[in-house]
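Please read the structure below before turning to the comments.
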Amino acid sequence: MHCLGAEYLVSAERAPRQREWRPQIYRKCTDTAWLFLFFLFWTGLVFIMGYSVVAGAAGRLLFGYDSFGNVCGKKNSPVEGAPLSGQDMTLKKHVFFMNSCNLEVKGMRLDRTALCVSSCPEEQLDSLEEVQLFANTSGSFLCVYSLNSSNYTHSPKADSLCPRLPVPPSKSFPLFNRCIPQTPECYSLFASVWINDGDTLHRILSGIMSGRDTILGLCILTLALSLAMMFTFRFITTLLVNIFISLVILGLLFVCGVLWWLYYDYTNDLSIELDTERENMKCVLGFAIVSTGITAVLLVLIFVLRKRIKLTVELFQITNKAISSAPFLLFQPLWTFAILIFFWVLWVAVLLSLGTAGAAQVMEGGQVEYKPLSGIRYMWSYHLIGLIWTSEFILACQQMTIAGAVVTCYFNRSKNDPPARPILSSLSILFFYHQGTVVKGSFLIPVVRLPRIIVMYMQNALKEQQHGALSRYLFRCCYCCFWCLDKYLLHLNQNAYTTTAINGTDFCTSAKDAFKILSKNSSHFTSINCFGDFIIFLGKVLVVCFTVFGGLMAFNYNRAFQVWAVPLLLVAFFAYLVAHSFLSVFETVLDALFLCFAVDLETNDGSSEKPYFMDQEFLSFVKKSNKLNNARARQDEHSLRNDEGTELQAIAR
């Protein structure tokens, strides 16, 4: 089974012997050096985890602490120079933030005094008498520890030592025991202070807080639509595709119409003089312009590719037949998502622990702040690289597992007796032989994305300059180039993983072989494969359209929400992410089948000595697609000859 082609005929003495394709015949460990490098890298991550546990103050993070160096819910040791530190807070397990609705900036930092209290005030307190009554009845003191509760209403220092009135109602956050304000305005301001942002985030978070029930409902709708779309592709027919494309067209047109109607309604609304309404109008206008452009492009593509629907349905039926041999492939996004969530939670916990690794420093008024230790910033950078690389590694493991299962089912001579456990077999091959290949492929993605992030940051920094138009244009071009390279590498990695599952070769060899064989066989139903990917993309668009439409209807009924356009954009992004997670299985299976088909054509000729691995259904589909391509090629050639003849006739005259 040699990769021979007429276009490569050279002298026998100088022609190098081409490497053979060996579907599932020989295995060896690949890219072991990269696996060792990944092990060393994770050794550093484990060291950072251990350092965060030893040097970090997990108690301050989990239980909370006040402004005087006391951890709530435990007995504390005194801090030198802080007279209110070292108190027994065993019964005071909640953190109460004074002036959560009336923050002030003092000395280039936000003044947010925190106290340990036994319970949070669940009702609004409008006077110091009510604050005193709350302290006497609940034993929860909302003023600084140095002021006795009996002096709340008499002490001249009460205004500075007690919270500013009115005290908003609050509830304890279940995990970290913080007293969180319950009114939307106070909640958004409180959250914006925690991440050191300003007024814009204040209004955005207010909209999220006000519409949190609507946002949760839209997320549930997204999950339901994604599941429905996955089952639609699983049992696809020509009628379903036509209905599906019709729904996509109607959804796109309807969402565009609603957005333009909302913009017209905003321009004629008297409340447009409000800043929040004006910002909503700008966001709606941006949504309308972008959605109109996307709709126009998609409608043109649908019109151009409409004649390939029947062949695309047959391709999806072949894809579903491959999935039927390993039905648990549809559940791969679930366990991948679960592993990613576990890793992200661990990563965030370590990051926050690193943030608490600091030395106590006494500030003005006896308050205590914790300054980061030297070298922490370098650990943060290392930890960030670990996040990107490990996340890409987990996703690459899913891609190679799916590709390996497809390869196992495809290169099986007995179609009536499919492999018993193709997914487990693919997983075992991955972990015993090809982890290094996955590590190397997953490393290339962050290497390309990091310069893109740097270019994007520099481009945003140049926006403030008046004479940086040429520089901004060059950075924008560089950003587009890196984006294209990123997308190409994602596709190249997928084909390299499939080739590794077939041949057992290392990453670079697999990528080179995949590129050569796909280029050689690009004439075989490549357009059908692209249209299949386009149909899957339309499925994601349909989920986003219905989710955005539901959000528009829900949010617009109550314009008391402040900046609701940005929460709607976040919901749309979440909808696309969920739809992509569920439908990516079909994309991976489709690409793997195409590469297996190319290898099958390269290694076999359909004779009794070298029969094809593909079944009769796949073979008939290939013949139909080739016949369609040949007919289109003859038609194009005939049209070209007619054009040339017409031109010559005009010259002869």
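Just so it is clear, glycine is given a Cβ too, placed from its N, Cα and C backbone atoms.
For the ranges 150-170, 633-653, the feature annotated in TrEMBL as region 'Disordered' maps to 633-653. Panel annotation: around the transmembrane segment (243-264), residues 232, 281, 284-285, 287-288, 291-292, 294-295, 298-299, 302, 309, 535, 538-539, 541-542, 545-546, 548-549, 552, 556 of the same chain, lying at least six beyond its termini, place a Cβ under 8 Å from a Cβ of the stretch. Taking residue pairs at least 6 apart in sequence, the transmembrane segment (32-54) and the transmembrane segment (334-360) share three or more C-beta contacts under 8 angstroms. Long-range neighbours of the transmembrane segment (32-54) within the same chain, counting only residues 6 or more positions beyond its ends whose Cβ lies under 8 Å from a Cβ of the stretch, are 350, 353-354, 357, 379, 382-383, 386, 389-390, 393, 435-437, 439-440, 443, 507. Within the chain, the transmembrane segment (380-411) has long-range Cβ neighbours (under 8 A, six or more residues past its boundaries) at 23-24, 38, 41-42, 44-45, 48, 322, 325-326, 329, 332-333, 336, 339-340, 343-344, 347, 350-351, 354, 418-419, 422-423, 425-427, 429-430, 434, 437-439, 441-443, 445-446, 449, 493-494, 497-498, 500-502, 585, 588-589, 592-593, 596, 600, 613-614. Long-range contacts of the transmembrane segment (284-305) within its own chain (CB-CB distance under 8 A, at least 6 residues past either end) are made by residues 245, 248-249, 252-253, 255-256, 259-260, 262-263, 266, 531, 534, 538, 541, 565, 569.
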